[in-house]
Amino acid sequence: GNETNSCTCPNTTNCKVFQKGYILLYPFNTEYSLVCCSVLYVMWKNVGRRISHHHLPLTKPKFKLQGVVFGPLLGAVAVIIGTCVFMMYQIQATGSAPNRQVFIMYYSYYIVLLPLMSVGAVIGTIIHALEKRELDTLKNPTRSLDVVLLMGAALGQIGMSYFSIVALVATDPVDLLNSLILSYSVLLIFQNITQNVFIIDGLHRQHFMSPVKEQQMKEEQNHEGYDQRRVSVLELGQEIRKVSLSYIQSYSKLSWKRRALREISFFLVLCNIILWVMPTFGAHPVFENGLEKSFYGYSTWFVIVNFGLPLGVFYRMHSVGGLLEVYVTA
């Protein structure tokens, strides 16, 4: 470990594997510490806390992949394209110094994805405003912490984007790559803000009460019956058709507001997952493109990136949790 950290690492396979693995696992160490702090804070705030019975929900919402069609499809496309971009970037970055084209490809992907995420979050916020659900004013330490963590972790990406904007405007914003990075930085700030508003507004809404409990019980009984007997190939096709029809029926029974909220939430979940994977496993163009580093100097930009990057990774992971809760309660 000492040899690896001092860059006197001998040219052996074990040492190289440890060196590369340490870099990849570093964000997880930061996320683990932040999660532990969050859980301990919630435990501390709930000591001696009492909740009256009339504030307790009658049914606890469960995650079910119902009422979504377009969100998973668009999100899957974003994940597949992002994975291809990430793999091409990593091949270029590990083989030699990344060329200009790979940076253009990387930032172009973000420039296309971030506006879609922002538009989805804005539409979701408008739908929240049109809903008749009342705000949940009950004091909740967990929800309060979620809000603080979302806003605090977003400062990492917003801070890096701000310093990038200053550096690019002061140098040559007309250049193609510089223009892409400038657009990426502005869009990233806007996406963080709109997504935070959408999640926080959703977390403060009262849960929808399920009016189709009898139908769910019938579906569970049907599933139990299916498990108790063997099905042939023809019967399997019939069962798949029945499941598809029941999925379509459950989708059509939801109001358009609930469907839209679920579609948007699921789409944003998948987008945040791929945007978490890319920086977590080594895609760091904010440090490797050399533009901001040449403006601020190696030491200053190194400090800015080391402060903002772990917070940005944590923000994406924490956003997934918040968006899943918005999806479940919609």
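Using the three backbone atoms N, Cα and C, a Cβ is placed for every residue, glycine included.
If you look up TrEMBL, you'll see 23-44, 65-89, 109-127, 147-169, 181-200, 264-283, 295-315 marked as transmembrane segment.
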**Message:** Does the transmembrane segment (264-283) come close to the transmembrane segment (109-127), meaning at least 3 CB pairs under 8 Å for residues 6 or more apart?
**Reply:** yes
**Complete:** Maximum Cβ pairs under 8 Å to the transmembrane segment (65-89) among 23-44, 147-169, 264-283, 295-315 is reached by 264-283
